[in-house]
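Taken from Swiss-Prot, the feature NAD(+) binding site applies to D66, G67, N139, D140, D168, T179, A180, Y181, N182, I183, S184, Q234, supported by sequence analysis. According to Swiss-Prot, the feature active site, proton acceptor maps to D66, an assignment based on sequence analysis.
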Amino acid sequence: MKKCINIEKIQKIGLFCRLNTNLNKQIDFLRAIFLQKNIELVLLEQEKINLKDLQELDFLISLGGDGTLLSLCRQAYQAKKPILGINAGNLGFLTALSFNEAESFFKDFFKNDFKIEKAKMLQITLYKKNKIIKKFAFNDAVFSRDNALMANVEVFFENKLFNAYYGDGLIIASSSGSTAYNISAGGPIVHPWSEIFVLTPVCSHSLTQRPIVLPYGFELELKVEHCLLYLDGQEVVDPKEYDKILIGLSKKELSFIHKKNRDYFQVLKEKLNWGK
């Protein structure tokens, strides 16, 4: 895909990580790489990113695991800056490379030898009296029961009842999020370039409920009982506080920096033992 980084003009790179973890050596290592190119490495405050500050940066680095990357995506999507995920955590499925690969990657990077891949986010629109609140999730929006009663999730499309789900809940996953909670609940693996989203029931009290794949442009209304809404597992929304909830794919896209030879199917094999 078309690159949106001018290598010759890079001046500042933002680094997002959990500062309470022992990553000082990794941070110093990255800073040394960029100093050789007269590039400043700017540490970003994890709890709250200032969008104005992001506008001065050429791209962003997430140093940590998938949770760190998700947190950056949800906070920085409005800045429209490319993101590079460097794994310093456990699984690191979403991150582009391990920390041990960083030095060799940046040698190629500064030769313009990399690629940009784009992915759409989920948009959650909440209505409360005269207010409209928009929230975004990169992986998934999950309705999960909040007590001993079964979750009741009714889904409407164009004001018609689409389906009703009874059980532990319902996962609404983006294509990128298909390999997260969705796959654990029996949902399909979806290539991240696909502009679709998936509805996967969790422990459905039915023998006939199956996951379904829906296209970009569909917007669903959800009416729920006995459950909470979790966005990327990092933010909790109580549906009872809102009059109406709509979910679909957003027009907003995130741009990710990857190695030029990255093979998605090889990542599936290495990280999830796919096909083995």
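Backbone N, Cα and C atoms are what each Cβ position is placed from, and that goes for glycine too.
Neighbour density at the Cβ, taken as the number of other Cβ atoms within 10 Å, is lowest among the binding-site residues D66, D168 for D168. Shown in sequence order, the list is empty: the chain has no residue 6+ apart in sequence with a C-beta less than 8 angstroms from the C-beta of S184 (NAD(+) binding site).
Across the residues the record lists as binding NAD(+) (D66, G67, N139, D140, D168, T179, A180, Y181, N182, I183, S184, Q234), the two Cα atoms farthest apart are 25 Å from each other. Under the DSSP three-state reduction, N182 (NAD(+) binding site) is assigned to helix. Counted within 10 Å of its Cβ, the other Cβ atoms near N139 (NAD(+) binding site) come to 27, all protein chains included.
It is N182 that, of the binding-site residues A180, N182, has its Cβ surrounded by the most other Cβ atoms within 10 Å.
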